[in-house]
Structures are given as C-alpha cells and as structure tokens.
Amino acid sequence: MSSSVQPMRVKAAYHRIVDNFQPVFLVSLAAASLVALMRLGTEELTSLVRELQPVHLFFIGFLPAAAVIFYLMRRPCTVYLTDYACFHSSFNHPLARIPMASFVEHNKKTPSMNERSVRFISRLLERSGLGEETCLPAAHNFVPTHEYCTLDNARAEFELVVFSAIDDLLAKTGIAPDAIGILVVNCSLFCPTPSLVDMIIHKYNLRGDIRSMNLSGMGCSAGLISVGLARNLLQVAPRGSHALVVSTETITPNYYVGNERAMLLPNCLFRVGGAAALLSTSPVNARFRLKHLVRTHTGAGNDSAYRCVFQEEDDEGNVGINLSKDLMVIAGKSLEANITRIGPLVLPLREQLQFALSLVARKVFRARTKPYIPNFSKAFKHFCIHAGGRAVIDELQKSLSLSDEQVEASRMTLHRFGNTSSSSLWYELAYMEAKGRMRKGDRVWMIGFGSGFKCNSAAWECIEPAPNADGPWATSIHRYPVVIPDVLKH
C-alpha cells in the first residue's frame, strides 16, 4: 500500500466517525442512563419515581421520541434502481458495424495518416479484445471518414443512441416523462449548445421545473458520478421522486487523424454505446438497491495522474486524446485508494483485520511481505469492471485476484460492444442478467476509471432479477462467452 494512501485512510475514518456521530451519541447516552438506573436500589428507584412530576414524565417520554424522529428525518433516503436500458444497434440503424479489415482500410484513405500509423492500428486491433460486431458512427460508412465528422452528424449520433435507450427504459418501467423530476447526463467530449440535457427535455417534453445537470470532461467513470449526483439530488426531492441518469460518449466529433501513436489508441478502442437508468427513493418495482458509492481522485498535485488521459493537439495541430504509457500504473494506484475507502464499508470483519495486520506488518515493522489483497468475493457476487481495454481488465483481475468467470462480463462486453466509455458498466450488468446469473440478494460491484485521474465504485444489491434476456444482448447472448485469442487474425 503506497504512502500516499495513508491520508485518505485517515480522512475516510474521520468521515465515518462524523457521519455516525449522532446515532453513536444517542445509543451511548441511552446505555449510560440505563446503567445508572440499574445501580439504584429498589428504595431509591421507588423514591425517584414518586418525586417525578407530570412535566418530568412528559419529557422522559417526549425527548427520546423526538430524538428518534429527528434521527429518522435526518437519515439519508435509500435510493433504488428502478430499471435501466442500454442502446443496442440493429440493421435498421444508420450505424456502421464495420469489420476490422474495413476499419483499417478506411484509415488508409485518410490523407494525413501515414502507412506506419495504419500498420500500428492493424496490430493494435488484433490484440485489442474487440470483436467484429462493434459499432461506429454513421460517418464511418464514408471515405474519407473525417470529412463526415460534422456537428450535425454528432448530434444525430447522440439522438439515436440516447433516445433509443430512454425509449426502451420508459417502455420497461411504464413511467411517464412528466414523472421525472431530475435529469443527469454525462458525455465527456461532446458538449454542444443547447446542451445535451436540453435536447432530452425538448424531445420528451419534460417538466419545466426539472433539475437538470450536464456533466462533460469527466471521463469513463462519469456514469457513477452521475449516479452519485442523482442520489444526492433525490435526498432533497420529495419522497418517491424519480431521477433519469444518461451515460454515453459521442464518437463522431472525436476522430483523430494524426500519427501520434498514443493518440491513435482511442480510435481503435472506443465504440458507440449509451445507457439510461431510472433512480428513485421509492422501492415500488425497484430492481436494485444502491448500498454504497465511493469516489476517489488522485490528481491533486500529481501531474502524471492528471495528464495520463489528456486531450491535446499533436505537433501538426490535430486534436485527440493522449493515453499515457503509465495509465495502468496510475489506474492501479487509484484503485488502491478506492479500495481503502470502500473496503471497510463492504468487507467482512475478518477480511478487514487481515488487511489491517498486513498493513501494520509492512509499515510499522518493515516486514518484507506482500500486501494482503482482500477477498472481495466475500463481499460481492458479481463484478462490473470498466471495459476500457484488454490491459485494463487484465490489470484489475490481477490486482483483485479475480477468476476468469468473475471478469467474463467485462471481457465479453469489450468483445461485443467495444469500449463504450461510462455506459460499459451497464452493458456488463445486462450480460450477467441475460445469462440468468443474477439472484435476489446478490451484491454487485461496479468499478469505473476516468481522466483526472479518478476511480469510482458503487455497490448494488439485487432486489428483483430481470425476467428475461431482453436488452443489448438479446440477439447475441447465446453465442457468449467466446474464446478471445491473444492475437486475432482477420
């Protein structure tokens, strides 16, 4: 465990003490009062009762009741996931299911790309873990592609993906659009005017008093940031309110046409996708319960973490996303920080003790032992690891000592849909449900990474599994899992 994590550990302990001060104080006060009464003799207790006036009896009954009511009113409302829906393409959609060979051929037709970059793209795709059915925007149906990456086409991509997902969600839940009081949308690299939330409000004729938020530039972990923001807004909304969370990334305006290798990676990995989720403080028809949501940011004063996913211009003025070679190391440290925060909330006491003893042995007694990796399988049944790429999944599987089956949903999502940014976690959840693996009471751990650098995670508890395999995997789940070779020949 790195020394930089220690201040986070102290801060986490401090917040747990502060957050639980009120119930701890009340329980301690009640226990002290009970002990004091038990120490009194029978005569003393009888004399005390006789001396009590009606006003004393009133306060004896009123104050505890008032304290309990005050605590219940101040206690955060439980937030539920009513349901969710993911965009999935069909042959009727103007999206391009472009085989890898066609994708490479289209890059050859980009005048500014040299032959060396095209060979690099071809080798990268062979090792990427992506399959032949991932979707790219309609602009990729044309050659040269970059000439069709226009603002109008970017808007068309967003509308197709997001409106399709919202339509499916409203159909599944039966919720009327005017019942939605909160709207949170996250899309990192496409931020037009009017905003993306305005496009949704206009399309669905949402309420005039809706609380709407548009998050941009937050990276692939922004989906859980949106869930956290919606959860906080629901705390101050009337009980039973509904919040719509939309997560997507618009690919069209972000096609890089230069020759910087670190900036060619996103072209190869990112694909079209999006998800819509309905949250509420009402348990009616809810399918999951949000147990915990933990956010950690490691970019403060850390240039390498801050710049490891960075939008910039190359030497020729072409704009793209530069992915640092240190990305996996930084992601590992960020995960470490997040584990420090969420571990005490979800792990059994025995796992926490073993983790603490390992930390003390290494930090205090300078023992040359490997750090103890908590067994999160004892806290969670299912794992949704951001499908950012094969290397990301490999690193997390190793760091958390997960089995191949536990990361199957992430690998299959990457293969079938590619890196769909913040929405990938919902595709993974849909995979588990389509496979029929989800059971009532199962706990799910979602882990997302994003620029800045951030690691965010959420713990969900299943209330009602999906009744069928309808959704993004409906037409392909029977073919999965598939064997993904180290090098794909095409």
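Heads up, residue numbers simply count up from 1 along the chain you see.
Glycine is no exception: its Cβ is also placed from the backbone N, Cα and C atoms.
TrEMBL annotations: computationally assigned, not manually curated.
According to TrEMBL, the features are:
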TRANSMEM  21-42  transmembrane segment
TRANSMEM  54-73  transmembrane segment
DOMAIN    71-364  domain 'FAE'
ACT_SITE  Cys220  active site
ACT_SITE  His297  active site
DOMAIN    380-461  domain 'Beta-ketoacyl-[acyl-carrier-protein] synthase III C-terminal'
ACT_SITE  His382  active site
ACT_SITE  His386  active site
ACT_SITE  His415  active site
ACT_SITE  Asn419  active site
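All features noted in TrEMBL, drawn onto the structure.
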residue: Cys220; record: active site; CB count, 10 Å: 29
residue: His297; record: active site; CB count, 10 Å: 19
residue: His382; record: active site; CB count, 10 Å: 21
residue: His386; record: active site; CB count, 10 Å: 31
residue: His415; record: active site; CB count, 10 Å: 22
residue: Asn419; record: active site; CB count, 10 Å: 26
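Note on proximity: of the active-site residues His382, His415, Asn419, the one nearest His297 (active site) is Asn419, by Cα distance. Geometry remark: His386 (active site) versus Asn419 (active site), CA distance 8 Å. For the pair Cys220 (active site) and His382 (active site), the C-alpha distance works out to 20 angstrom. Model confidence over the domain 'FAE' (71-364) stands at 92, taken as the mean pLDDT rounded to a whole number. For the pair formed by Asn419 (active site) and His382 (active site), distance between Cα atoms is given as 20 Å, rounded to the nearest Å.
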